[in-house]
Amino acid sequence: MPPAPAYAVLAAAFRTRNPICVRRWLAVLGSRTPTVRQNALEVLPDAALPPRFYSSIVPRGFVIGSPRLCHSSASEEDSPDVRVGEVLRVLKSCAADADLGKDLRQFADEMDEDVVLKVLQKQRSNWQVALLFFNWAAGLPSHEHGPRTYTEMLDILGRMKKVRIMRQLFDEIPEQRCGLVVTNRMFAVLLNRYAGAHKVQEAIEIFYKRKDYGFEVDLVGFQILLMSLCRYKHVEEAEALFLQKKDEFPPVIKSWNIILNGWCVKGSLADAKRVWNEIIVSKLKPDLFTYGTFINALTKAGKLSTAVKLFTSMWEKGINPDVAICNCIIDQLCFKKKIPEALKIFGEMNDRGCQADVATYNTLIKHFCKIRRTEKVYELLDDMEKKGCSPNNMTYTYILKTTEKPRDVMNLIQRMEESGCRLDSDTYNLILNLYVSMKYEKGVQQVWEEMERNGSGPDQRSFTIMVHGLHSQGQLDQALQYYTTMKSRGMTPEPRTRILVKAIHMKKDGPETEDRSASMTGKNLKLDRRSGLFHVRK
(Lines of atoms letter the chains of each structure in order from A and count residues from 1; the text may use other names and numbers.)
(Lines give C-alpha, C1' and ligand atoms only; values in the text may rest on other atoms or scores of the structure.)
Protein backbone atom coordinates (compact mmCIF):
# COMPACT_ATOMS: atom_id res chain seq x y z
CA MET A 1 0.00 0.00 0.00
CA PRO A 2 1.28 3.55 -0.70
CA PRO A 3 2.54 5.53 2.29
CA ALA A 4 -0.04 7.62 4.16
CA PRO A 5 0.65 11.00 2.43
CA ALA A 6 0.59 9.46 -1.03
CA TYR A 7 -2.55 7.52 -0.19
CA ALA A 8 -4.27 10.69 0.99
CA VAL A 9 -3.35 12.54 -2.22
CA LEU A 10 -4.51 9.66 -4.37
CA ALA A 11 -7.83 9.40 -2.52
CA ALA A 12 -8.29 13.14 -2.99
CA ALA A 13 -7.58 12.76 -6.69
CA PHE A 14 -10.35 10.19 -6.95
CA ARG A 15 -12.75 12.48 -5.13
CA THR A 16 -12.15 15.15 -7.77
CA ARG A 17 -13.73 12.78 -10.31
CA ASN A 18 -11.06 14.00 -12.75
CA PRO A 19 -9.82 11.02 -14.80
CA ILE A 20 -6.66 12.81 -15.95
CA CYS A 21 -5.75 13.74 -12.39
CA VAL A 22 -6.27 10.16 -11.21
CA ARG A 23 -4.21 8.72 -14.07
CA ARG A 24 -1.30 11.04 -13.30
CA TRP A 25 -1.24 10.06 -9.62
CA LEU A 26 -1.49 6.39 -10.51
CA ALA A 27 1.57 6.86 -12.71
CA VAL A 28 3.47 8.53 -9.86
CA LEU A 29 2.53 5.90 -7.31
CA GLY A 30 3.17 3.16 -9.85
CA SER A 31 6.84 4.18 -9.97
CA ARG A 32 7.19 2.92 -6.39
CA THR A 33 7.84 -0.77 -5.96
CA PRO A 34 5.23 -2.10 -3.53
CA THR A 35 5.94 -4.87 -1.09
CA VAL A 36 2.81 -6.72 -2.16
CA ARG A 37 1.15 -6.33 -5.59
CA GLN A 38 -2.39 -5.23 -4.89
CA ASN A 39 -5.40 -4.51 -7.00
CA ALA A 40 -6.20 -0.80 -7.33
CA LEU A 41 -9.68 -1.29 -5.96
CA GLU A 42 -8.28 -2.94 -2.83
CA VAL A 43 -5.77 -0.10 -2.32
CA LEU A 44 -8.47 2.61 -2.41
CA PRO A 45 -11.30 1.43 -0.15
CA ASP A 46 -12.20 4.96 0.99
CA ALA A 47 -12.53 6.60 -2.43
CA ALA A 48 -16.28 5.92 -2.20
CA LEU A 49 -16.95 5.93 -5.94
CA PRO A 50 -19.10 3.47 -7.88
CA PRO A 51 -17.38 0.45 -9.52
CA ARG A 52 -18.02 1.83 -12.99
CA PHE A 53 -15.91 4.91 -12.20
CA TYR A 54 -13.01 2.66 -11.23
CA SER A 55 -13.34 0.68 -14.43
CA SER A 56 -13.17 3.89 -16.48
CA ILE A 57 -9.94 4.91 -14.74
CA VAL A 58 -8.16 1.68 -13.82
CA PRO A 59 -8.23 -0.93 -16.62
CA ARG A 60 -9.15 -4.43 -15.53
CA GLY A 61 -6.15 -6.53 -14.62
CA PHE A 62 -3.82 -3.59 -13.87
CA VAL A 63 -2.29 -3.28 -10.43
CA ILE A 64 -0.48 -0.44 -8.71
CA GLY A 65 3.25 -0.83 -9.23
CA SER A 66 2.80 -2.90 -12.38
CA PRO A 67 5.03 -1.85 -15.30
CA ARG A 68 1.99 -2.25 -17.53
CA LEU A 69 0.10 0.40 -15.60
CA CYS A 70 3.09 2.75 -15.34
CA HIS A 71 3.83 2.63 -19.04
CA SER A 72 0.17 2.94 -19.92
CA SER A 73 -0.31 5.95 -17.68
CA ALA A 74 2.74 7.74 -19.03
CA SER A 75 1.72 7.22 -22.65
CA GLU A 76 -1.92 8.09 -22.02
CA GLU A 77 -0.93 11.74 -21.54
CA ASP A 78 -0.46 11.94 -25.32
CA SER A 79 -3.21 9.51 -26.38
CA PRO A 80 -6.12 10.69 -28.56
CA ASP A 81 -8.66 9.93 -25.81
CA VAL A 82 -6.80 12.17 -23.37
CA ARG A 83 -6.68 15.00 -25.92
CA VAL A 84 -10.40 14.53 -26.58
CA GLY A 85 -11.10 14.76 -22.87
CA GLU A 86 -9.07 17.96 -22.55
CA VAL A 87 -10.88 19.56 -25.51
CA LEU A 88 -14.27 18.56 -24.11
CA ARG A 89 -13.47 20.21 -20.79
CA VAL A 90 -12.70 23.47 -22.60
CA LEU A 91 -15.89 23.23 -24.67
CA LYS A 92 -17.98 22.53 -21.59
CA SER A 93 -16.90 25.81 -20.03
CA CYS A 94 -17.71 27.86 -23.15
CA ALA A 95 -21.00 29.55 -23.98
CA ALA A 96 -22.64 28.91 -27.36
CA ASP A 97 -21.50 32.29 -28.69
CA ALA A 98 -17.92 32.07 -27.40
CA ASP A 99 -14.75 32.57 -29.40
CA LEU A 100 -12.98 29.23 -29.17
CA GLY A 101 -9.77 30.28 -30.89
CA LYS A 102 -8.03 31.48 -27.75
CA ASP A 103 -9.08 28.60 -25.49
CA LEU A 104 -8.34 25.86 -28.04
CA ARG A 105 -5.08 27.31 -29.38
CA GLN A 106 -3.07 24.90 -27.24
CA PHE A 107 -4.56 21.93 -29.16
CA ALA A 108 -4.01 23.30 -32.67
CA ASP A 109 -1.00 21.10 -33.49
CA GLU A 110 -2.65 17.94 -32.11
CA MET A 111 -5.80 17.92 -34.24
CA ASP A 112 -6.42 15.04 -36.61
CA GLU A 113 -9.61 13.53 -38.02
CA ASP A 114 -9.91 10.92 -35.25
CA VAL A 115 -9.74 13.53 -32.49
CA VAL A 116 -12.15 15.90 -34.25
CA LEU A 117 -14.58 13.07 -34.94
CA LYS A 118 -14.62 11.90 -31.32
CA VAL A 119 -15.19 15.42 -30.03
CA LEU A 120 -18.09 15.92 -32.46
CA GLN A 121 -19.63 12.58 -31.48
CA LYS A 122 -19.61 13.67 -27.86
CA GLN A 123 -21.29 16.96 -28.74
CA ARG A 124 -24.22 15.51 -30.69
CA SER A 125 -26.76 17.14 -28.42
CA ASN A 126 -25.02 20.53 -28.47
CA TRP A 127 -25.01 21.49 -32.15
CA GLN A 128 -23.90 25.10 -31.62
CA VAL A 129 -20.71 24.19 -29.78
CA ALA A 130 -20.13 21.29 -32.21
CA LEU A 131 -20.33 23.68 -35.17
CA LEU A 132 -18.06 26.23 -33.48
CA PHE A 133 -15.48 23.52 -32.88
CA PHE A 134 -15.88 22.16 -36.43
CA ASN A 135 -15.31 25.61 -37.94
CA TRP A 136 -12.36 26.26 -35.65
CA ALA A 137 -10.72 22.98 -36.72
CA ALA A 138 -11.43 23.77 -40.39
CA GLY A 139 -9.43 26.98 -40.06
CA LEU A 140 -6.28 25.25 -38.80
CA PRO A 141 -3.46 25.25 -41.38
CA SER A 142 -2.44 21.72 -40.31
CA HIS A 143 -5.90 20.12 -40.57
CA GLU A 144 -8.43 19.40 -43.31
CA HIS A 145 -11.78 17.79 -42.57
CA GLY A 146 -12.29 14.34 -44.04
CA PRO A 147 -15.48 12.48 -45.01
CA ARG A 148 -16.16 11.19 -41.49
CA THR A 149 -16.05 14.58 -39.78
CA TYR A 150 -18.09 16.28 -42.49
CA THR A 151 -20.72 13.53 -42.37
CA GLU A 152 -20.86 13.64 -38.57
CA MET A 153 -21.32 17.42 -38.52
CA LEU A 154 -24.05 17.25 -41.18
CA ASP A 155 -25.80 14.53 -39.18
CA ILE A 156 -25.63 16.58 -35.97
CA LEU A 157 -27.21 19.59 -37.68
CA GLY A 158 -29.88 17.50 -39.36
CA ARG A 159 -30.67 15.69 -36.12
CA MET A 160 -31.32 19.05 -34.45
CA LYS A 161 -33.52 20.09 -37.43
CA LYS A 162 -31.04 22.77 -38.55
CA VAL A 163 -31.46 21.75 -42.20
CA ARG A 164 -30.72 25.19 -43.63
CA ILE A 165 -27.32 25.27 -41.93
CA MET A 166 -26.81 21.61 -42.86
CA ARG A 167 -27.38 22.37 -46.55
CA GLN A 168 -25.18 25.46 -46.36
CA LEU A 169 -22.33 23.39 -44.91
CA PHE A 170 -22.76 20.76 -47.63
CA ASP A 171 -22.80 23.35 -50.43
CA GLU A 172 -19.69 25.04 -49.02
CA ILE A 173 -17.52 21.93 -49.23
CA PRO A 174 -14.52 23.10 -51.30
CA GLU A 175 -14.80 21.94 -54.90
CA GLN A 176 -11.29 20.50 -54.91
CA ARG A 177 -12.20 18.42 -51.83
CA CYS A 178 -15.55 17.04 -53.02
CA GLY A 179 -14.06 13.91 -54.57
CA LEU A 180 -12.41 13.03 -51.25
CA VAL A 181 -15.11 14.15 -48.83
CA VAL A 182 -18.52 13.45 -50.40
CA THR A 183 -19.56 9.80 -50.02
CA ASN A 184 -22.60 7.57 -50.39
CA ARG A 185 -22.99 7.61 -46.62
CA MET A 186 -23.09 11.41 -46.65
CA PHE A 187 -25.93 11.36 -49.15
CA ALA A 188 -27.78 8.77 -47.05
CA VAL A 189 -27.47 11.05 -44.01
CA LEU A 190 -28.75 14.05 -45.97
CA LEU A 191 -31.73 12.08 -47.30
CA ASN A 192 -32.61 10.83 -43.85
CA ARG A 193 -32.34 14.23 -42.20
CA TYR A 194 -34.35 16.03 -44.88
CA ALA A 195 -37.09 13.43 -44.54
CA GLY A 196 -36.94 13.78 -40.76
CA ALA A 197 -37.46 17.53 -41.14
CA HIS A 198 -40.41 16.81 -43.49
CA LYS A 199 -38.64 18.40 -46.46
CA VAL A 200 -39.77 15.87 -49.04
CA GLN A 201 -38.95 17.87 -52.16
CA GLU A 202 -35.51 18.73 -50.83
CA ALA A 203 -34.85 15.04 -50.11
CA ILE A 204 -35.75 14.12 -53.70
CA GLU A 205 -33.61 16.98 -54.99
CA ILE A 206 -30.56 15.88 -52.99
CA PHE A 207 -30.99 12.32 -54.30
CA TYR A 208 -30.69 13.49 -57.91
CA LYS A 209 -27.83 15.81 -56.97
CA ARG A 210 -25.71 12.66 -56.65
CA LYS A 211 -25.00 13.02 -60.37
CA ASP A 212 -23.18 16.31 -59.80
CA TYR A 213 -20.70 14.52 -57.52
CA GLY A 214 -20.00 11.55 -59.77
CA PHE A 215 -22.36 9.05 -58.14
CA GLU A 216 -24.88 6.91 -59.98
CA VAL A 217 -28.58 7.54 -59.47
CA ASP A 218 -29.18 3.84 -58.96
CA LEU A 219 -31.78 1.51 -57.46
CA VAL A 220 -29.98 1.20 -54.12
CA GLY A 221 -29.92 4.96 -53.65
CA PHE A 222 -33.57 5.17 -54.69
CA GLN A 223 -34.52 2.57 -52.10
CA ILE A 224 -32.67 4.56 -49.42
CA LEU A 225 -34.75 7.59 -50.43
CA LEU A 226 -37.97 5.55 -50.17
CA MET A 227 -36.96 4.19 -46.75
CA SER A 228 -36.14 7.67 -45.46
CA LEU A 229 -39.49 9.05 -46.59
CA CYS A 230 -41.42 6.10 -45.14
CA ARG A 231 -39.52 6.24 -41.88
CA TYR A 232 -40.91 9.71 -41.21
CA LYS A 233 -44.49 8.87 -42.30
CA HIS A 234 -44.29 10.31 -45.84
CA VAL A 235 -45.55 7.01 -47.23
CA GLU A 236 -48.06 8.47 -49.67
CA GLU A 237 -45.35 10.59 -51.30
CA ALA A 238 -42.96 7.61 -51.31
CA GLU A 239 -45.50 5.34 -53.05
CA ALA A 240 -46.37 8.03 -55.60
CA LEU A 241 -42.66 8.50 -56.37
CA PHE A 242 -42.17 4.71 -56.54
CA LEU A 243 -44.97 4.29 -59.10
CA GLN A 244 -43.93 7.38 -61.05
CA LYS A 245 -40.34 6.11 -61.42
CA LYS A 246 -41.12 2.42 -62.11
CA ASP A 247 -39.68 2.69 -65.62
CA GLU A 248 -36.47 4.22 -64.27
CA PHE A 249 -36.21 1.90 -61.27
CA PRO A 250 -37.71 -1.62 -61.70
CA PRO A 251 -40.37 -2.41 -59.05
CA VAL A 252 -38.50 -5.29 -57.38
CA ILE A 253 -39.84 -7.02 -54.25
CA LYS A 254 -37.52 -5.06 -51.93
CA SER A 255 -38.98 -1.76 -53.13
CA TRP A 256 -42.51 -3.10 -52.64
CA ASN A 257 -41.53 -4.24 -49.15
CA ILE A 258 -40.40 -0.71 -48.27
CA ILE A 259 -43.79 0.72 -49.27
CA LEU A 260 -45.67 -2.10 -47.51
CA ASN A 261 -43.66 -1.56 -44.35
CA GLY A 262 -44.26 2.19 -44.56
CA TRP A 263 -48.03 1.75 -44.52
CA CYS A 264 -47.75 -0.79 -41.72
CA VAL A 265 -45.64 1.54 -39.58
CA LYS A 266 -48.09 4.36 -40.25
CA GLY A 267 -50.89 2.09 -39.05
CA SER A 268 -52.99 2.01 -42.22
CA LEU A 269 -54.09 -1.62 -42.51
CA ALA A 270 -56.33 -0.83 -45.51
CA ASP A 271 -53.38 0.48 -47.51
CA ALA A 272 -51.20 -2.40 -46.31
CA LYS A 273 -53.81 -4.89 -47.57
CA ARG A 274 -54.00 -3.04 -50.89
CA VAL A 275 -50.22 -3.22 -51.37
CA TRP A 276 -50.18 -6.89 -50.26
CA ASN A 277 -52.83 -7.75 -52.86
CA GLU A 278 -50.89 -5.89 -55.56
CA ILE A 279 -47.80 -7.94 -54.72
CA ILE A 280 -49.76 -11.21 -54.81
CA VAL A 281 -51.30 -10.53 -58.24
CA SER A 282 -47.97 -9.42 -59.67
CA LYS A 283 -45.29 -11.77 -60.96
CA LEU A 284 -43.20 -11.10 -57.88
CA LYS A 285 -42.96 -13.72 -55.13
CA PRO A 286 -43.34 -12.47 -51.54
CA ASP A 287 -40.26 -13.16 -49.44
CA LEU A 288 -39.87 -13.59 -45.68
CA PHE A 289 -39.76 -9.83 -45.15
CA THR A 290 -43.05 -9.41 -47.04
CA TYR A 291 -44.75 -12.05 -44.89
CA GLY A 292 -43.24 -10.70 -41.71
CA THR A 293 -44.26 -7.13 -42.46
CA PHE A 294 -47.86 -8.02 -43.26
CA ILE A 295 -48.20 -10.39 -40.27
CA ASN A 296 -46.90 -7.59 -38.07
CA ALA A 297 -49.50 -5.19 -39.52
CA LEU A 298 -52.29 -7.69 -38.89
CA THR A 299 -51.27 -8.29 -35.28
CA LYS A 300 -50.97 -4.57 -34.53
CA ALA A 301 -54.45 -4.03 -35.97
CA GLY A 302 -55.83 -6.69 -33.61
CA LYS A 303 -56.28 -9.31 -36.34
CA LEU A 304 -54.39 -11.98 -34.39
CA SER A 305 -56.38 -14.95 -35.68
CA THR A 306 -55.78 -13.86 -39.30
CA ALA A 307 -52.09 -13.39 -38.56
CA VAL A 308 -51.83 -16.87 -37.00
CA LYS A 309 -53.56 -18.39 -40.07
CA LEU A 310 -51.08 -16.66 -42.39
CA PHE A 311 -48.25 -17.81 -40.10
CA THR A 312 -49.51 -21.42 -40.31
CA SER A 313 -49.94 -21.21 -44.10
CA MET A 314 -46.24 -20.45 -44.45
CA TRP A 315 -45.41 -23.91 -43.09
CA GLU A 316 -47.91 -25.46 -45.48
CA LYS A 317 -46.26 -23.71 -48.43
CA GLY A 318 -42.80 -24.84 -47.33
CA ILE A 319 -41.78 -21.34 -46.24
CA ASN A 320 -40.09 -21.50 -42.85
CA PRO A 321 -40.87 -18.43 -40.73
CA ASP A 322 -37.76 -16.73 -39.41
CA VAL A 323 -37.19 -15.64 -35.84
CA ALA A 324 -38.60 -12.14 -36.49
CA ILE A 325 -41.97 -13.56 -37.57
CA CYS A 326 -42.05 -15.97 -34.61
CA ASN A 327 -41.26 -13.07 -32.30
CA CYS A 328 -44.14 -11.06 -33.73
CA ILE A 329 -46.63 -13.87 -33.08
CA ILE A 330 -45.23 -14.52 -29.58
CA ASP A 331 -45.46 -10.83 -28.73
CA GLN A 332 -49.10 -10.53 -29.73
CA LEU A 333 -50.07 -13.76 -27.98
CA CYS A 334 -48.52 -12.37 -24.80
CA PHE A 335 -50.29 -9.06 -25.35
CA LYS A 336 -53.60 -10.91 -25.57
CA LYS A 337 -52.61 -12.70 -22.32
CA LYS A 338 -52.29 -16.00 -24.17
CA ILE A 339 -48.94 -16.67 -22.51
CA PRO A 340 -49.20 -20.52 -22.57
CA GLU A 341 -49.62 -20.42 -26.37
CA ALA A 342 -46.70 -18.03 -26.64
CA LEU A 343 -44.49 -20.28 -24.52
CA LYS A 344 -45.52 -23.24 -26.70
CA ILE A 345 -44.27 -21.51 -29.86
CA PHE A 346 -41.15 -20.45 -27.94
CA GLY A 347 -40.51 -24.08 -27.04
CA GLU A 348 -41.12 -25.32 -30.61
CA MET A 349 -38.82 -22.82 -32.29
CA ASN A 350 -35.67 -24.90 -31.82
CA ASP A 351 -37.39 -28.04 -33.16
CA ARG A 352 -38.26 -26.16 -36.35
CA GLY A 353 -34.74 -24.85 -36.87
CA CYS A 354 -35.49 -21.35 -35.64
CA GLN A 355 -33.12 -20.33 -32.84
CA ALA A 356 -34.55 -17.87 -30.33
CA ASP A 357 -32.65 -14.57 -30.27
CA VAL A 358 -32.41 -11.67 -27.85
CA ALA A 359 -35.64 -10.16 -29.26
CA THR A 360 -37.50 -13.40 -28.46
CA TYR A 361 -36.35 -13.30 -24.85
CA ASN A 362 -37.03 -9.57 -24.65
CA THR A 363 -40.60 -10.12 -25.79
CA LEU A 364 -41.26 -12.64 -23.03
CA ILE A 365 -39.35 -10.65 -20.41
CA LYS A 366 -41.33 -7.51 -21.31
CA HIS A 367 -44.66 -9.20 -20.71
CA PHE A 368 -43.57 -11.03 -17.57
CA CYS A 369 -42.36 -7.67 -16.22
CA LYS A 370 -45.79 -6.18 -16.89
CA ILE A 371 -47.50 -8.86 -14.80
CA ARG A 372 -44.77 -8.68 -12.13
CA ARG A 373 -43.60 -12.27 -12.55
CA THR A 374 -40.14 -11.36 -11.30
CA GLU A 375 -38.96 -14.93 -10.74
CA LYS A 376 -39.83 -15.87 -14.34
CA VAL A 377 -38.05 -12.74 -15.61
CA TYR A 378 -34.78 -13.69 -13.94
CA GLU A 379 -35.23 -17.30 -15.00
CA LEU A 380 -35.37 -16.17 -18.64
CA LEU A 381 -32.44 -13.82 -18.08
CA ASP A 382 -30.35 -16.67 -16.66
CA ASP A 383 -31.44 -18.98 -19.50
CA MET A 384 -30.45 -16.59 -22.27
CA GLU A 385 -27.02 -15.99 -20.72
CA LYS A 386 -26.54 -19.75 -20.32
CA LYS A 387 -27.31 -20.27 -24.04
CA GLY A 388 -24.90 -17.54 -25.12
CA CYS A 389 -27.62 -15.07 -26.05
CA SER A 390 -26.33 -11.82 -24.59
CA PRO A 391 -28.94 -9.46 -23.08
CA ASN A 392 -29.01 -5.97 -24.58
CA ASN A 393 -30.06 -2.54 -23.36
CA MET A 394 -33.70 -3.26 -24.10
CA THR A 395 -33.60 -6.38 -21.92
CA TYR A 396 -32.42 -4.39 -18.95
CA THR A 397 -34.73 -1.47 -19.76
CA TYR A 398 -37.78 -3.65 -19.22
CA ILE A 399 -36.39 -4.94 -15.92
CA LEU A 400 -35.24 -1.48 -14.75
CA LYS A 401 -38.77 -0.16 -15.13
CA THR A 402 -39.91 -2.62 -12.46
CA THR A 403 -37.36 -1.46 -9.87
CA GLU A 404 -38.52 0.46 -6.82
CA LYS A 405 -35.29 1.14 -4.90
CA PRO A 406 -31.91 2.67 -5.85
CA ARG A 407 -30.15 -0.50 -4.71
CA ASP A 408 -32.14 -2.58 -7.25
CA VAL A 409 -31.14 -0.14 -9.99
CA MET A 410 -27.47 -0.32 -9.04
CA ASN A 411 -27.52 -4.13 -8.95
CA LEU A 412 -28.94 -4.24 -12.47
CA ILE A 413 -26.38 -1.72 -13.72
CA GLN A 414 -23.63 -3.93 -12.28
CA ARG A 415 -25.10 -6.99 -14.02
CA MET A 416 -25.27 -5.05 -17.29
CA GLU A 417 -21.59 -4.24 -17.06
CA GLU A 418 -20.66 -7.80 -16.19
CA SER A 419 -22.51 -9.04 -19.28
CA GLY A 420 -20.65 -6.53 -21.48
CA CYS A 421 -23.75 -4.40 -22.14
CA ARG A 422 -22.89 -0.71 -22.45
CA LEU A 423 -25.38 1.93 -21.40
CA ASP A 424 -26.78 4.11 -24.20
CA SER A 425 -28.52 7.47 -23.99
CA ASP A 426 -31.98 5.87 -23.62
CA THR A 427 -30.82 3.76 -20.69
CA TYR A 428 -29.07 6.70 -19.04
CA ASN A 429 -32.24 8.78 -19.31
CA LEU A 430 -34.33 5.94 -17.89
CA ILE A 431 -31.97 5.59 -14.92
CA LEU A 432 -31.97 9.38 -14.49
CA ASN A 433 -35.77 9.39 -14.44
CA LEU A 434 -35.84 6.54 -11.91
CA TYR A 435 -33.40 8.28 -9.60
CA VAL A 436 -35.32 11.57 -9.87
CA SER A 437 -38.60 9.83 -9.02
CA MET A 438 -36.86 8.02 -6.13
CA LYS A 439 -35.37 11.36 -4.94
CA TYR A 440 -31.92 9.79 -4.98
CA GLU A 441 -29.85 12.95 -5.49
CA LYS A 442 -26.45 11.26 -5.41
CA GLY A 443 -27.50 8.89 -8.18
CA VAL A 444 -28.86 11.76 -10.27
CA GLN A 445 -25.54 13.58 -9.99
CA GLN A 446 -23.52 10.48 -10.90
CA VAL A 447 -25.64 9.70 -13.96
CA TRP A 448 -25.51 13.34 -15.15
CA GLU A 449 -21.73 13.51 -14.78
CA GLU A 450 -21.22 10.18 -16.52
CA MET A 451 -23.40 11.22 -19.47
CA GLU A 452 -21.27 14.33 -19.87
CA ARG A 453 -18.08 12.32 -19.56
CA ASN A 454 -18.83 9.74 -22.23
CA GLY A 455 -20.86 11.87 -24.65
CA SER A 456 -24.21 10.09 -24.18
CA GLY A 457 -25.83 13.36 -23.18
CA PRO A 458 -27.29 15.13 -21.42
CA ASP A 459 -29.75 15.65 -24.27
CA GLN A 460 -33.14 17.29 -24.54
CA ARG A 461 -34.82 14.36 -22.80
CA SER A 462 -32.38 14.57 -19.88
CA PHE A 463 -33.14 18.25 -19.30
CA THR A 464 -36.89 17.59 -19.65
CA ILE A 465 -36.69 14.88 -16.99
CA MET A 466 -34.87 17.23 -14.63
CA VAL A 467 -37.22 20.19 -15.21
CA HIS A 468 -40.39 18.16 -14.63
CA GLY A 469 -38.88 16.09 -11.82
CA LEU A 470 -37.59 19.08 -9.88
CA HIS A 471 -40.91 20.87 -10.38
CA SER A 472 -42.80 17.90 -8.94
CA GLN A 473 -40.52 18.07 -5.90
CA GLY A 474 -41.10 21.80 -5.42
CA GLN A 475 -37.55 22.83 -6.43
CA LEU A 476 -38.66 25.56 -8.81
CA ASP A 477 -35.43 27.57 -9.00
CA GLN A 478 -33.39 24.50 -9.93
CA ALA A 479 -35.99 23.49 -12.51
CA LEU A 480 -35.64 26.90 -14.13
CA GLN A 481 -31.84 26.60 -14.14
CA TYR A 482 -32.02 23.35 -16.10
CA TYR A 483 -34.57 24.88 -18.49
CA THR A 484 -32.33 27.90 -19.08
CA THR A 485 -29.30 25.69 -19.75
CA MET A 486 -31.31 23.54 -22.17
CA LYS A 487 -32.35 26.63 -24.14
CA SER A 488 -28.80 28.02 -24.12
CA ARG A 489 -27.59 24.81 -25.77
CA GLY A 490 -29.99 25.23 -28.68
CA MET A 491 -32.39 22.49 -27.60
CA THR A 492 -36.09 22.94 -28.31
CA PRO A 493 -38.27 22.32 -25.24
CA GLU A 494 -41.40 20.21 -25.57
CA PRO A 495 -44.70 22.14 -25.51
CA ARG A 496 -45.57 20.64 -22.12
CA THR A 497 -42.25 21.91 -20.75
CA ARG A 498 -42.89 25.42 -22.07
CA ILE A 499 -46.31 25.41 -20.40
CA LEU A 500 -44.81 24.16 -17.15
CA VAL A 501 -42.09 26.84 -17.11
CA LYS A 502 -44.61 29.56 -17.84
CA ALA A 503 -46.68 28.31 -14.91
CA ILE A 504 -43.58 28.38 -12.67
CA HIS A 505 -42.89 32.00 -13.62
CA MET A 506 -46.49 32.95 -12.98
CA LYS A 507 -46.38 31.27 -9.59
CA LYS A 508 -43.11 32.98 -8.65
CA ASP A 509 -43.56 36.43 -10.18
CA GLY A 510 -47.24 36.93 -10.89
CA PRO A 511 -49.57 36.38 -13.87
CA GLU A 512 -48.07 39.19 -15.97
CA THR A 513 -44.69 37.44 -16.23
CA GLU A 514 -44.00 35.63 -19.48
CA ASP A 515 -41.50 32.85 -20.18
CA ARG A 516 -38.40 35.01 -19.99
CA SER A 517 -36.12 32.08 -20.77
CA ALA A 518 -37.06 32.30 -24.44
CA SER A 519 -35.30 35.63 -24.84
CA MET A 520 -32.20 34.84 -22.80
CA THR A 521 -28.87 35.21 -24.54
CA GLY A 522 -25.29 34.59 -23.61
CA LYS A 523 -25.00 38.18 -22.41
CA ASN A 524 -27.32 37.73 -19.42
CA LEU A 525 -26.34 34.16 -18.55
CA LYS A 526 -23.56 33.12 -16.22
CA LEU A 527 -22.07 29.63 -16.47
CA ASP A 528 -21.52 27.70 -13.25
CA ARG A 529 -18.40 25.74 -14.23
CA ARG A 530 -18.90 23.20 -11.48
CA SER A 531 -22.48 22.20 -12.26
CA GLY A 532 -22.44 23.03 -15.99
CA LEU A 533 -25.71 24.96 -15.56
CA PHE A 534 -26.46 28.55 -16.54
CA HIS A 535 -27.75 31.05 -14.00
CA VAL A 536 -29.48 34.30 -14.85
CA ARG A 537 -27.53 37.42 -13.94
CA LYS A 538 -29.63 39.67 -11.76
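Cβ atoms here come from the backbone N, Cα and C positions, even for glycine.
Automatic prediction, not curation, is the source of TrEMBL annotations.
Keep in mind that this is a model prediction, so the values were computed, not measured.
Listed in TrEMBL for this protein:
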REPEAT    252-286  repeat 'PPR'
REPEAT    287-321  repeat 'PPR'
REPEAT    322-356  repeat 'PPR'
REPEAT    357-391  repeat 'PPR'
REPEAT    424-458  repeat 'PPR'
REPEAT    459-493  repeat 'PPR'
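In terms of DSSP secondary structure, the repeat 'PPR' (424-458) contains 28 helix, 0 strand, 7 coil.
Confidence across the repeat 'PPR' (424-458), taken as the mean pLDDT and rounded to a whole number, stands at 91. Secondary structure of the repeat 'PPR' (322-356) per DSSP (helix as H, G, I; strand as E, B; remaining residues coil): 23 helix, 0 strand, 12 coil.
Residue counts for the repeat 'PPR' (357-391) under DSSP, split into helix (H, G, I), strand (E, B) and coil, are 26 helix, 0 strand, 9 coil.
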